[in-house]
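Here the structure is laid out as structure tokens; the discussion comes afterwards.
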Amino acid sequence: MSTIIVPAHATSITDDVEQLHKAFSGWGTNEKLIISILAHRDAEQRKQIRETYSATHNEDLLKSLDKELSNDFEKLVLLWILSPPERDAYLVNEATKRWTKSNQVVVEVVCTRSSHDLLLAKQAYHARYKKSMEEDIAYLTKGDFRKLLLPLVATCRYEGSEVNMTLAKTEAKLLHEKLDDKCYNDDDLIRILTTRSKFQINATLNQYKNIYGEDIIKELEEDSKDEYISLLRATLECLTYPEKYFERVLRLAINKTGTDEGALTRVVATRAEVDMKVIKEEYLKRNSVPLDKAIAKDTRGDYEDMLLALIGCVDE
């Protein structure tokens, strides 16, 4: 499916707003028109569209869309319309309502965002839910899950690229010792994952592989049926190679009996403007099938069209 990105100067925000309002008028909703506009506007343009729509028609665009759309297509469009911080706040809050695999959604948000973006998400959480992200996670989790997730959410990582190689070697040995003893909830192990910069953690994992000849993430796969260890592995992947992590989420969402539309929707909406090009490359390498063909095979209608438009939008 060919994707055409409309430059900001090629159409006015006012035109977009009026076209969207027209899509809701008359008999039935013009879903194709909605896709043709929203799937081809960047985050700043979508923000302006929402603000102008509210000022012009005295209603939040989200409410208009909610009334007109349905099912997975509606969920995808609504998630896409939210600003990235609002979206992250919403995803974390939804995850706190069902603590199973949803733990990994929290890890996705807090480990793949920059410190600044995580701060914006926490501010959006304050504004929307009148409490802190940390408060909900501390209250709704327990045991090892709380021990890992709470400092991950609370941290403000250093974003620089400087690396201390002596420290990397020392902490690689420490991680090996803890994993060898199966001390997966050890305080020092969690301290390293929740406080070190992403560059420093990458250096530590590289040292781990150099010294012991094993990839620490692959070692954790052996105990992947344990939910906490699976969360630990997701944390490491999201901190060091998020594209590979998201490829796996998409693969598991599509390549099974029945599509996991929730995971598919979440990954496409959150990564379309970030690293979808690399995720698609990873998907093709791992599955020998292009992501767009896999999605087209498993989805239908407007939902399929919106997904395909979004995963193509970084290619132009």
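Glycine residues also receive a Cβ, built from the backbone N, Cα and C atoms like all the rest.
Remember, it's a predicted structure, so these values are computed and weren't measured experimentally.
The Ca(2+) 1 binding site feature in TrEMBL is assigned to F24, G26, G28, E68, I254, K256, G258, A296, T299, E304. Note: G258 (Ca(2+) 1 binding site) has no non-local neighbours, i.e. no same-chain residues 6+ apart with C-beta under 8 A of its own C-beta.
As annotated by TrEMBL, Ca(2+) 3 binding site applies to D298. Annotation for D298 (Ca(2+) 3 binding site): same-chain Cβ neighbours under 8 Å, separated by at least 6 residues, are I254, T259.
Other C-beta atoms found within 10 angstroms of the C-beta of T299 (Ca(2+) 1 binding site) number 20, with every protein chain shown included. Its own atom aside, the Cβ of G28 (Ca(2+) 1 binding site) has 9 Cβ atoms within 10 angstroms in the protein chains shown. When Cβ atoms from all protein chains are considered, those within 10 Å of F24 (Ca(2+) 1 binding site) total 18, not counting its own.
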